[in-house]
Structures are given as structure tokens and as C-alpha cells.
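Feature annotations, reproduced from TrEMBL:
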{"type": "DOMAIN", "residues": "19-484", "note": "domain 'Major facilitator superfamily (MFS) profile'"}
{"type": "TRANSMEM", "residues": "20-41", "note": "transmembrane segment"}
{"type": "TRANSMEM", "residues": "53-71", "note": "transmembrane segment"}
{"type": "TRANSMEM", "residues": "91-113", "note": "transmembrane segment"}
{"type": "TRANSMEM", "residues": "146-167", "note": "transmembrane segment"}
{"type": "TRANSMEM", "residues": "173-191", "note": "transmembrane segment"}
{"type": "TRANSMEM", "residues": "212-234", "note": "transmembrane segment"}
{"type": "TRANSMEM", "residues": "254-272", "note": "transmembrane segment"}
{"type": "TRANSMEM", "residues": "298-321", "note": "transmembrane segment"}
{"type": "TRANSMEM", "residues": "333-350", "note": "transmembrane segment"}
{"type": "TRANSMEM", "residues": "362-381", "note": "transmembrane segment"}
{"type": "TRANSMEM", "residues": "387-412", "note": "transmembrane segment"}
{"type": "TRANSMEM", "residues": "433-453", "note": "transmembrane segment"}
């Protein structure tokens, strides 16, 4: 592995297939990591002597780390070099997986999985798509490369619950992290023949202040929401203590809103900062013009809510079947399989559907099907109902989300010219990861704090997800109708 960024353009010795394989595998393992933890919630909690709430925090902070650092990762790609950052991201990820596998307690698990794997993912994913653009310059081959990488991500997300459940049940949840480290090692070896042709022109400056403000703001908002399972949403159910000092006494305002307020102030400061940098003619972490396009903003809202509902539902169902019904990891993975099948089927049909219907129509249809799926889970699933009652609802949710995932990204990306694609792509991925984090934090907190009331806690969490899906549907209907692309001449 090289010790510094590529100093000058060189010729890659890898074939196009040799370039594509490690890029697709990298997307696969990152998507796998984001989806396999849910099936091992009770195993991890028991083994580490922690609670379901502790594991919930671990999962939420993982996606939060990616959300906070994906845009800085995109900026660093142009500064340090694409292959350099790709391999360094893989290395950080692999070290994190090994630390998580050996974790003696929750704190070390958060260090390895939530922080190091999250940082590694934020560093390696932006170069994946930029390198695909560099090595596949014509539109046809590039579309195929992006399709292969996206498909690998879909397979990783789909395989996560089932494969993770099998490994956890057959060996241990720790073995699932060892497998991740082994796959990362293979990717590093395969990527050695890829040589970055180099970024032409002057390297941009890195906005350290903007990175700190945005990351800290998002951290306080999400971690604040996570406090609700311990302290309650409105009034503190117990003393909030820092060190040996009671900061908020029992019965006072919940620390949830203190954290969220601090986060909101930091995010407002972040937007003021990037606006000031633009006025001074400097390069900010993110240009404010990214937020001035109405169509893109609506697309980002739908994108965020899709992932909020999908990851929130996956966490809620996983916690419910493991804690209330007593299912093991592989049984949990099998229960989530209908959603996986739905996502795969609709994702495979997305290209054909996009030739017949506008992107806005597909997003609206996706939300309608998703809401119907969550309603079925509310109506059919009870503590004593058979396992098959999960199937129709989860399948519809997967089908609905799969239909609109690509469409939302397309709406956002197509709202900006070519020179802004790198920046809006980073923002898009950050918004998606933030949705995942909020889904686990919000819906997860509702069910974790209501486990003592069994099925009612599960129902309350699903009602919350229905409300958010309804907001997404409203945003989808506000999207302008885009024309259906004309079929090419035969």
C-alpha cells in the first residue's frame, strides 16, 4: 500500500473489469455492514452486558458518522487522490471491523463499528463513484458500471440480515465482523493495480471549520433523540448527570431538547459559516446553491424519508421479534427476507419503469405502496400471530422503497449541471445516511422505551413511521412532473 498520494499520473495495469470488481465489492461490504447488525441486537446486548438501547446507539452512530463525513470525504478525494483515499478508507474500515470483533464492551464496539467503520465508509465510497467515472468515460460503459456498483450495494443490503443471521447463529456475532475484515483485505489486494490518473488543476482547500460544525450539529441532534429512551421525550424521568453533577433534575425538561437545541445552533452556525466563505471568495465545505433548487430539495426530503422508514422499520421489527417473541438471529433474518426480495425485484424493474413513467410518478407510487405495507404490519401482526403475517407488509415496504430509491437520486442529481455533480452527490449520500440514522433513533427509541408494553410499543413505532412516510408522500406530490424519457430510435 502506498505511503502517499499518487504524485503523478500513471497508467493503470487493471482491466475495466479489474477496476470494477473492487469498486463493486467495496459498495457491497459497506451496504452489508449497514444492514446486518439488526439481527444480532439481543446477542450483542447479552454478550456485552448492555441493553437494546445501547446497541441502538451503536447502529445510529454508525450511519450518523457516514452522514456527517460523506461530504468531507468527497472533498478529500480531490485533495489526497482517489485511489489513495479509497485504500485508506478500506484500511480504516478493516481495522474498525477487527476492533469491533474483539470488543469487550459497548464503548469499544462503538469505537470499532460506529466510528472507524463509519469513517472508513465515508472515505472510501466517494472515490468509488469518481473512479468509475474516470475509468468508464463513455456514457454506455459508465451506466453499466454504475448499475453494477448499485446492484452490488443492493445485494449487500439484501444479504446483510440473512447472512448476518446465519453467521451469528452458527458461530457468533463477532465472526460477522471478522468476515467483513477478510472481504476488505481482498478488496485492498485487488485494488493495487488501479492507478489514479490524477486530478488536474489546483487542489481545493479543505474547510475544517465547516466539517466540525456540520458533524457536531448532526451529532447533537441524533444523539439527543437517542436520549429519549432513557430520559423520556418531554420531562426527564431521572436525573441527567455529567460527572457527579446533576445538570437536569428529574422532572425537568428532557435532555433530548437540550441536545437538539445545541445541534440546531451548530447547524445554523454552519450555514452562516459557508455563506461567509462564499462571500469572501473561499471554497466552503458545501455551496449554498445546493439548497436553492426546489426540485432537488423535495427530492432530498423523499430520499431522507425513504431511508428513515426502511432502516427504522428494519430496526423496529428486529427488536420486536427478538425481545418480545424471543426469535434468534437467523429467524430474524428470515423474517426480514420479504422486504429484501421486494427491494431486489423493484430495483431490477426500475430501469424499465423509468422508461414508462416519470420519476415523480414512481416516487409517489413508491410511497403509497410503502405506506400500505406499514399499515398491513400494523393490522396483521400481533404477539401471537403466525410469522407469515409479517410477509405481505414487509414485501410491500421493500417493493415501494425499491421503486423510488433510484428515482429520488435521479431527481436530485438531474437538478444540477455537470460541474456540481460531485457536490450534490455527496450531499445526496449524506442525506440518505442521515435518514437511516434518524430512523433508528426515532422509531427505535419509541419501541425501546415501550418494550414493557409489548405489542403496543411495536404499534406506536409503526405509527411514527407511517407519519413520516405520509410526509414523504406529500413531498412527492409537490415534485414537478418530469417528462418520461423518449425511447431511443431502433
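Note that Cβ sites are derived from N, Cα and C of the backbone, with glycine treated the same way.
Unlike curated records, TrEMBL annotations are generated automatically.
Keep in mind it's a predicted model, so treat the numbers as computed, not measured.
Per-residue pLDDT, averaged over the domain 'Major facilitator superfamily (MFS) profile' (19-484), rounds to 85. Residues 33-34, 37-38, 41, 44-45, 106, 109-110, 113-115, 117-119, 121-123, 125-126, 211, 214-215, 218-219, 222-223, 226, 229-230, 285-286, 311, 315, 319, 423, 426-427, 429-434, 436-437, 440-441, 444-445, 448 of the same chain lie 6+ residues outside the transmembrane segment (53-71) yet bring a C-beta within less than 8 angstroms of a C-beta in it.
Residues 53, 56-57, 60-61, 64, 67-69, 71-72, 240, 253-260, 262-267, 269-270, 273, 285-286, 434, 437-438, 441-442, 444-445, 448-449 of the same chain, all 6+ positions outside the transmembrane segment (212-234), place their C-beta atoms under 8 angstroms from a C-beta of that stretch. Counted as Cβ pairs under 8 Å, contacts with the transmembrane segment (91-113) are highest for 173-191 among 173-191, 298-321, 333-350, 362-381, 387-412. Counting C-beta pairs under 8 angstroms (sequence separation of 6 or more), the transmembrane segment (333-350) reaches the transmembrane segment (387-412) with 3 or more such pairs. Between the transmembrane segment (173-191) and the transmembrane segment (298-321) there are fewer than 3 Cβ pairs closer than 8 Å, counting only residues 6 or more apart in sequence, so the two stretches are not in contact. Outside the transmembrane segment (387-412) by six or more residues, the chain places 150, 295-296, 298-300, 302-303, 306, 309-310, 313, 317, 335-336, 338-347, 349-350, 353-354, 359-360, 362-363, 365-378, 380-381, 424, 428, 476, 479, 482 with a CB less than 8 A from a CB of the stretch.
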